[in-house]
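Positions annotated as compositional bias 'Polar residues' by Swiss-Prot: 54-63. Residues or ranges marked as compositional bias 'Basic residues' in Swiss-Prot: 67-76. Feature annotation from Swiss-Prot assigns compositional bias 'Low complexity' to 77-88. The repeat 'ANK 1' annotation in Swiss-Prot covers 111-141. For 142-172, the entry in Swiss-Prot reads repeat 'ANK 2'. The SUMO2 cross-link annotation in Swiss-Prot covers LYS290.
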Amino acid sequence: MSRPLLITFTPATDPSDLWKDGQQQPQPEKPESTLDGAAARAFYEALIGDESSAPDSQRSQTEPARERKRKKRRIMKAPAAEAVAEGASGRHGQGRSLEAEDKMTHRILRAAQEGDLPELRRLLEPHEAGGAGGNINARDAFWWTPLMCAARAGQGAAVSYLLGRGAAWVGVCELSGRDAAQLAEEAGFPEVARMVRESHGETRSPENRSPTPSLQYCENCDTHFQDSNHRTSTAHLLSLSQGPQPPNLPLGVPISSPGFKLLLRGGWEPGMGLGPRGEGRANPIPTVLKRDQEGLGYRSAPQPRVTHFPAWDTRAVAGRERPPRVATLSWREERRREEKDRAWERDLRTYMNLEF
């Protein structure tokens, strides 16, 4: 049985396709193009003719504007890393354009790579001394410094001069993460690398260096310390005074345990604290065994205990049994099947050799 073809309905997408009051709306006429190729050509020819017939004074006024735009585009194309290589570069280059600073950086890097000490001194000496006042830690677009170029080229004299003037190398790396000493070693100049590493190479000012921790005295431990973690150390926690403790307080450790015997052998008396002068905590710190790989707080923590296993209990040193892999199980099953087949064959041969 054939079904009649259904008429598909296409929704209107244009206001002119709509029907209004039983009548279809008229189609709007397409606007004709008011500009053809000949008219556009005539317009541009007239524009060019007006520029060529302009007076010389107007042309001289437009040329500096074009030159300024061209210079502005050339400056904007310079890498931002070269413009703000370091804060010191900005201080040394005050009053100097970015383009001049870029040229100065390349001159310094080239002089350092070629080992030209007179040119290097002229570029790095301050203006008061008759030099160019260049930055000794200037960087190019690849973050190479003069010290890196001199070390990579094996120019020992230039490296010694730059280090003597305070060139930084500690923590100063190029884009690949290599410093001046590593570049010298890769190029086959171990003497230059050793010269760099034996220098100071401090990149931080003295006021920004982290102060050395001062020596402090702990009354509870009766000792001097410099470590900031001393307050949370086990020795300090055991020495903390918890007030007078009754002498018959149970220690929580059996008398037969090796730890208790070591305490007695060291001069400790039962009922006294565990500190250096027999004061502080009288009981050991309870602990919780951690023998799984689950994260902390994954399950509720068990009860802390001082002694987890009785004496001579092998569970104290027993490791966690590793479940066998699938390959190991398959290999064992195969060995068991082969052994069973060999036993069956042996029994069969024995049975057939019997004489009744």
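Just so you know, glycine gets a Cβ as well, placed from its N, Cα and C.
What you see is a predicted model, and the numbers here were worked out from it, not measured in a lab.
Counting every protein chain shown, the number of other Cβ atoms lying within 10 Å of the Cβ of the residue listed as 'SUMO2 cross-link' is 9.
Shown for the repeat 'ANK 1' (111-141): DSSP residue counts in helix, strand and coil, namely 15 helix, 0 strand, 16 coil.
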